[in-house]
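Features reported for this protein in TrEMBL:
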- ASP142: active site (ACT_SITE)
- ASP343: active site (ACT_SITE)
- 92-109: compositional bias 'Low complexity' (COMPBIAS)
- 124-456: domain 'Peptidase A1' (DOMAIN)
- 85-109: region 'Disordered' (REGION)
- 1-19: signal peptide (SIGNAL)
Amino acid sequence: MALLLRLVALSLLLAVATPIRDITDACESQVKDFPHLNSSGLHLTLHHPRSPCSPAPLPSDLPFSAVLTHDDARIASLAARLAKTPSPRPTSLLDESSSSSSFPDESLASVPLGPGTSVGVGNYVTRMGLGTPAKSYVMVVDTGSSLTWLQCSPCVVSCHRQSGPVFNPKASSSYASVSCSAPQCSDLTSATLNPGACSNSNVCVYQASYGDSSFSVGYLSKDTVTLGSTSMPNFYYGCGQDNEGLFGRSAGLIGLARNKLSLLYQLAPTLGYSFSYCLPTASSSSGYLSIGSYNSGKYAYTPMVSSSLDDSLYFIKLTGITVAGKAIAVSSSAYTSLPTIIDSGTVITRLPTAVYSALSKAVAAAMKGTPTAPAFSILDTCFQGQAARLRAPAVNMAFAGGAVLKLAARNLLVDVDSATTCLAFAPAQSAAIIGNTQQQTFSVVYDVKSNRIGFAAGGCS
């Protein structure tokens with residue numbers, strides 16, 4: 001049955017895949033034009049996963065219900081991750097030869113995989129160069145993941161269809177595999193929640209599982225990474241030989257979590273322990289991802305919160321929500337009844353049930369003149385019309401330290417079809433999550449060195 005489901009999923013992916021193409025001139029924008037960036041640091045263009053300007057766009061006819069289904073899978077995988085619940089290994093890799101391209105023996109098929117974070121339809125994409133000479137690859141960006149990986153030929157078991165050619169390690173003069181005795185192999189346990197395995201040729205094997213049956217298994221490797229005009233040798237990443245699931249048309253994933261194998265930490269000795277981004281809307285041409293120094297005076301900050309649940313994720317403290325200038329009817333303790341994570345790949349923000357219920361009622365009351373619509377999937381507060389054409393109330397989300405997200409209609413409501421828009425929030429089960437709909441068009445900085453996260457309006461304009 002599992003094999004059948006994998007085959008069906010693969011056939012569906014191939015059926016809806018859009019043709020490979022380059023970004024048109026009309027979609028290109030200069031990262032240097034964004035207002036919150038300074039002249040130093042490393043700046044990359046960031047694209048919405050459903051934007052026609054994306055170098056690896058999702059199918060234009062992808063229904064929003066599919067987006068919500070995968071968003072729910074991401075939430076479920078985060079919950080399992082916080083609960084440290086292992087999941088069965090999703091693939092069996094047989095060692096059919098003793099060559100350097102082979103995988104470990106069949107006993108690895110019983111190794112449990114720790115739950116990672118579902119990726120794909122909610123994650124923003126950028127380009128990363130790899131190898132010598134450098135070749136460019138489209139990568140999803142994920143603050144909830146640590147290990148960076150991409151698909152590598154010869155794709156011993158499986159590679160999903162991607163935009164552009166698959167990375168060929170043999171074509172890079174700076175490529176090297178990582179041995180099982182290297183400290184980075186041991187670091188995989190914290191980076192992927194799965195211990196590194198060892199091939200018969202003493203090459204370290206990583207295993208990354210993403211909770212929605214997406215996964216990547218391959219060789220831990222090192223090579224020269226190129227981001228914009230900056231190149232760095234000896235960058236550790238996964239060279240994927242079995243990559244299955246809904247990663248869109250991307251070649252792989254860039255991990256930005258708090259872990260020594262993440263891109264952030266590997267670049268930190270040169271650029272510093274901070275990164276920022278502006279997540280564009282689907283109708284915008286682009287936003288940015290910047291690693292390194294930033295204009296600190298432009299932000300309002302909230303402290304990062306330490307949590308024993310997972311020290312690689314970014315926890316913050318939500319302290320209040322107002323609708324039309326009035327605090328919603330819920331106790332202050334309700335906001336901290338669950339831990340709160342800020343995440344770049346979750347689409348719909350999840351709130352503690354009592355907080356969500358109070359917000360839903362307050363927004364519905366403020367929009368009482370607007371015709372309502374039936375619930376849509378996980379979204380139960382819906383209206384007839386499109387967000388841009390409706391008069392939505394001013395909603396502010398306040399965080400410890402005084403930082404506030406002042407939500408525009410595009411951050412509060414999400415269009416689920418041509419005639420319906422819904423409140424872009426849902427009740428949480430085990431953790432509250434500040435999703436990317438609420439973050440869109442804000443500049444958000446993750447200053448790990450100073451242990452704070454900052455918000456500034458107008459980041460993508």
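Glycine is no exception: its Cβ is also placed from the backbone N, Cα and C atoms.
Bear in mind that TrEMBL entries carry predicted annotations, made automatically and left uncurated.
Keep in mind it's a predicted model, so treat the numbers as computed, not measured.
Confidence annotation: the domain 'Peptidase A1' (124-456) carries a mean pLDDT of 94 in the model. For ASP142 (active site) paired with ASP343 (active site), the C-alpha to C-alpha distance reads 8 Å. Summary for the active-site residues ASP142, ASP343: the Cβ-based neighbour count within 10 Å is maximal at ASP142.
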